[in-house]
Amino acid sequence: MRKLPYILPMLLLVLLAGCDKPESDLPVNTRLGGEFTLTDQDGQPYTHADLKGQVSVLFFGYTHCPDICPAVLARVAQVYRQLDEAGEAEGFQPVFITFDPERDTAEHLKQYLPWFKADMIGLTGSLEQIRQVAEQYGVVFIKGQEEQDYLFTHSDYIYLLDDQARVRKLYPADFKIDEVINDAKSLL
Amino acid sequence: MRKAFFKGLLGGLLVLAGQGHAGEIETLEVKDAWLRAAPPVASSMAGYLTITNAGAQPRTVVGITSDFAGHVMLHETVTREDGTRAMRHLHRLTVAPGETVTLAPGGKHLMFMDLKRVPGEGETVQICFDMEVSTDCEAFPVRKAAPSDH
């Protein structure tokens, strides 16, 4: 019984420590990201600061892309929906940035993205604004020479950002859905 | 699910090639055909399938048509040395005897453009393949995700 006064505070400490959110072991990528201003699908300005306070899956593409981009959009939507079904989508935000502002206007993104049922934010802007943010994330995009139905040569990484808008992990376009879900959960 | 594909091809090729043998099975077989569902405002769609040539002659797809798209092309997404992805137009697709060619996301695929309408998830659409000596059609179910995504 005499040990009780020592055991109780220690027990309390252990319990309190258990209440803290476990720190994610995903490293912070300090080379990617930065300030930007784009326009969302409602025509409102969207900046780097708007990424803060949420865990984001950020990815680039264009809606006239037939193969890679729709596949990525569908997989990101699956990540969102699985988190949503588990009641864990609060604070998780998919963000799509087009590098085809000529065709992907805010109005078009507003019509295109809701179909994926993933509460997705779509961002467009001037070519100069998009080039800047693409460069910040190491994204390459080259417009094809065709006058109509042009396609892009592009990189296709997906970025997981923490609630301070810091890049914590990159994935290939054919990422494993469960991996992204687990990583996102570690940051939520 | 493995189905006989392009049955109409058999007669035509045997006649043209003049080297068919009675009882010889010369068919292309297709499996895993599907079209990726897209938003109603989409301007293009992609289709995928696996083709096996069980016959003794090479088979070449030289054109593709469908009633919902004004223009269909064979494309291949290729990864360049710098890691970027580019689209390559394939003018024809030859399947050698015994060969299986897979058209899958991130690789070879059918690209449907000038869409007259966007078929919805759950629909089945007919895609027709011009094989130089015959044309035959295959049913493509429209799916929201690749079978591998489940």
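Backbone N, Cα and C atoms are what each Cβ position is placed from, and that goes for glycine too.
Classification of A:Cys69 (Cu cation binding site) by DSSP places it within a helix. Within the same chain, residues at least 6 positions away in sequence whose Cβ sits under 8 Å from that of A:Cys69 (Cu cation binding site) are A:Gly61, A:Tyr62, A:Thr63, A:Asp156. Annotation source TrEMBL lists Cu cation binding site at A:Cys65, A:Cys69, A:His154.
According to TrEMBL, the feature disulfide bond maps to A:Cys65-A:Cys69.
The feature domain 'Thioredoxin' is assigned by TrEMBL to A:27-188.
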On average, what pLDDT score does this prediction assign to the domain 'Thioredoxin' (A:27-188)? 95
Reduce the DSSP letter at A:His154 (Cu cation binding site) to three states and note it down. strand
Sort out the sequence-distant neighbours of A:His154 (Cu cation binding site) for me: same chain, 6+ apart, CB within less than 8 Å of its CB, listed by position. A:Phe60, A:Gly61, A:Tyr62, A:Phe99, A:Val139, A:Val140, A:Phe141, A:Ile142
